[in-house]
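Undergrad: So that we are looking at the same thing, I have put the structure below in structure tokens.
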Amino acid sequence: MSTSSTPSAKPMAEMAAEFGLKPAEYDVVLKRLGREPNLVELGVFSVMWSEHCSYKSSKNQLKKFPIDGPRVICGPGENAGVIDIGDGDAIIFKMESHNHPSYIEPYQGAATGVGGIMRDVFTMGARPIALLNALRFGDPSHPKTKRLVDGVVAGIAGYGNCVGVPTVAGETNFHKGYNGNILVNAMCVGLAKADSIFYSAAPGPGLAVVYFGSKTGRDGIHGATMSSAEFSEDSEEKRPTVQVGDPFAEKLLIEATLELMATGAVAAIQDMGAAGLTSSSVEMAGKGGVGIELNMDMVPQRETGMSAYEMMLSESQERMLAVLKPGREQDGHAIFEKWGLDAAVIGYTTDTGRLVLKHHGETVCDVPLAPLFDDAPLYDRPWVQPALQPRLDPAAVPAPTNWNEAVLKIIGCPDMASKRWLWEQYDRHVMADTLEDSATGCDAGIVRIHGTGKAIAVTSDCTPRYVQADPYEGGKQAVAEAWRNLTAAGALPIAITDNLNFGSPEKPETMGQIVRATDGMAEACRALDFPVVSGNVSLYNETNGVAIPPTPTVGGVGLLEDYDLRTGFGNVAEGDTLVLVGETRGELGASIYLREILGREDGAPPPVDLALERKTGDFVRGLISSGLVAGVHDLSDGGLLVAAADVALASKIGVTLNATSQTHAHAYLLGEDQARYLIATPDPDAVLEAAKEAGVHANVAGVAGGEAFASDGLFSVSLDALRAAHEAWLPGYMSAPKA
């Protein structure tokens, strides 16, 4: 067997370290093989054992999540999660990160993040119908932030718009904690038939392995390894590890894949994502309990002279690997030719249980699959309990000295300001099934199931400052807010995907954040019957030893049996009464008010009472079904004040809040207590009576009408001033000349 595919003068142990393998891990490789690996084999082991592919530091924590439910068809372990929405239909969805690539090369990093998550979904037989994104950028004053925002947003828009899938929801935050490591989490939702789901396990030996899609180039080599390491000042030199996307090729790939599936020729299928051809071939064979032999000479190549090492580790985009049923190769050939895709039979499944690669007539890799697929190192890393912040007494937190100025500053700060500049670049209505999106005043994006009266609601949520202050409560809150947003839109929450973004798990403090945040998430999922069906873990998000704020992002999916019963907060009318549903203690710890007005980032986050969360949410869904409400908005960042301002802006109507009777008006208006909703109704007596009967706290909070946003005796700003403050920041920031 050839000992090398790409010549190297360095000892293998030194190369292993450069590839991200620890000395102890390399020793395990030697033990598994009984010899020293060659460069191709070392590359294969390094990417499959990377954090990005193996989940070696997080797998033990992920076992805590509930993954089953009456609607779950397929949970974690496949390319995406699958849930049954009735009438023979299924929703397939997943969220995934492209953090490191997007920091190094923002346009391509973000664009290929969108492309990659779509492939995870259509690989399982679904047509993508919605995209979401959760973006975290550094402080606006940081010299790189504006360029990163511009590139990431353009990349998301450029890819999603060209493929023709609407971007319907998302969230965007700014904080200095992301200065050296931004987060780009992309989510895709697809629609499939429940009896036509495709999986990745190769069903037996002797079957043709077909490569189709774009040619393989040298872009993205060791991308998975790069995404499993922390950054330094030299990280921008890693641009060659960032993949380059072609959305038009992706569109062709979607159509060809779905057409191929419809012929019945597909036995197993897998997209080529992180670790490229290595990961796809190893996973298909490993899950099926078979071996696989590939002839690298047959791989379609974009560049001349590529080695087997380069072809196996390339992360060139828009590529698929399929195992076809016996004798069906010609069916595939005709479809690939129709759609203008490169394609070739590059190998066969075997009964050896080994990964064998041949190139130019030589065997350049011959290793057992088991250590690659299901025997990667698994770590139960040491951790320490995160230091927690004390609860802030509302009486000890100063009220604004100038309420009008405070209102405008809060509503216009980077996190609260309108993101219109951003989402107007996304095509939100392509496919013509979007009912609610970022522009309409709704707590979730809503997309109808074409040809039915049903719709799905989708949302993305996390409050990193809560997780920083208390990972356990912050983890609970991320799940609870997703559940609450879907409820406020009129949907029944069904399941979640997640994207766990943290620093280095080798640091006990960071590992403590991971452990406690996932504890909280798991508890919330169980209490709310909100199973985790897919997800992604992104670790080593730190630069020069400084970690990002812990950011476990949750993507939630809910079902509306009748989309005419959807709710938002953009149609509140003159004279509607605003009823606050849920209990208010005035929790100001880790709040927007504390940070933006008082310049503080301290205090315990609002605790999440999951029993109360469920009771209140179930009550609100019942109210929506009864037809008593004109609008619903959940309370989160900025509390009642921001929720009411959102209503005023979306409905283009004034709002007057009643707060003068409160002991601590600033805590009542700006506290961020959980399990609360703002209900607009023409019949407040009926709502209050229903709440009393259900044992749910509710009180009249204000009234809609006029042309001002006000609270008697505290503040009054015109709608025009409120809108100007809300809309001004982001376009002003992006258009300002460099300092």
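Heads up, the Cβ atoms here are built off N, Cα and C, so glycines get one too.
OK, Swiss-Prot features for this one:
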- His52: active site (ACT_SITE)
- His98: active site, proton acceptor (ACT_SITE)
- Tyr55, Lys94, Asp498, Gly535: ATP binding site (BINDING)
- Glu96, Asn536: Mg(2+) 1 binding site (BINDING)
- Ser97, His98, Asn99, His100, Arg119, Gln243, Glu315, Ser316, Gln317, Ser538: substrate binding site (BINDING)
- Asp120, Asp271: Mg(2+) 2 binding site (BINDING)
Undergrad: If you count Cβ atoms within 10 Å of the Cβ of Gln317 (substrate binding site), leaving out that atom itself, what do you get?
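TA: Around the Cβ of Gln317 (substrate binding site), 29 other Cβ atoms lie within 10 Å.
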Undergrad: Given the ATP site residues Tyr55, Lys94, Asp498, Gly535, which other residues of that chain have a Cβ within 8 Å of the mean position of their Cβ atoms, reported in sequence order?
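TA: Other same-chain residues near the ATP site: Leu62, Pro76, Met95, Glu96, Thr497, Asn499, Leu500, Val532, Ser534, Asn536, Val537.
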Undergrad: Rounded to the nearest angstrom, how far is the Cα of Glu315 (substrate binding site) from the Cα of Tyr55 (ATP binding site)?
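TA: The separation of the Cα atoms works out to 19 Å.
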Undergrad: What binding-site residues among Asp120, Asp271, Asn536 are found with a C-alpha within 10 angstroms of that of Ser97 (substrate binding site)?
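TA: Of everything listed, what lies within 10 Å of Ser97 (substrate binding site) (Cα to Cα) is Asn536.
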Undergrad: Measuring Cα to Cα, tell me the gap between Gly535 (ATP binding site) and Asp120 (Mg(2+) 2 binding site) in whole angstrom.
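TA: Taking the Cα atoms only, Gly535 (ATP binding site) lies 11 Å from Asp120 (Mg(2+) 2 binding site).
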Undergrad: Just the number: how many Å between the Cα atoms of Asp120 (Mg(2+) 2 binding site) and Gln317 (substrate binding site)?
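TA: Approximately 12 Å lies between the Cα of Asp120 (Mg(2+) 2 binding site) and that of Gln317 (substrate binding site).
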Undergrad: Taking the residues Tyr55, Lys94, Asp498, Gly535 listed for ATP, what is the greatest CA to CA distance in Å, to the nearest whole number?
TA: 16
Undergrad: What is the maximum Cα to Cα distance, in Å and rounded to a whole number, among the residues Ser97, His98, Asn99, His100, Arg119, Gln243, Glu315, Ser316, Gln317, Ser538 annotated as binding substrate?
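TA: That value is 20 Å for the farthest Cα pair.
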Undergrad: Between the recorded positions Lys94, His98, Asp271, which lies closest to the residue listed as 'active site', Cα to Cα?
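TA: Result: the closest of the recorded positions to the residue listed as 'active site' is His98.
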Undergrad: Neighbour count first, Cβ atoms within 10 Å, every protein chain included; then name which of Arg119, Glu315 tops the list of binding-site residues.
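TA: Answer by Cβ density within 10 Å: Glu315.
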Undergrad: Looking at the binding-site residues Asp271, Gln317, Asn536, which has the shortest Cα distance to Lys94 (ATP binding site)?
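TA: Result: the closest of the binding-site residues to Lys94 (ATP binding site) is Asn536.
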Undergrad: Return only the integer: C-alpha distance in Å from Asp498 (ATP binding site) to Glu96 (Mg(2+) 1 binding site).
TA: 8
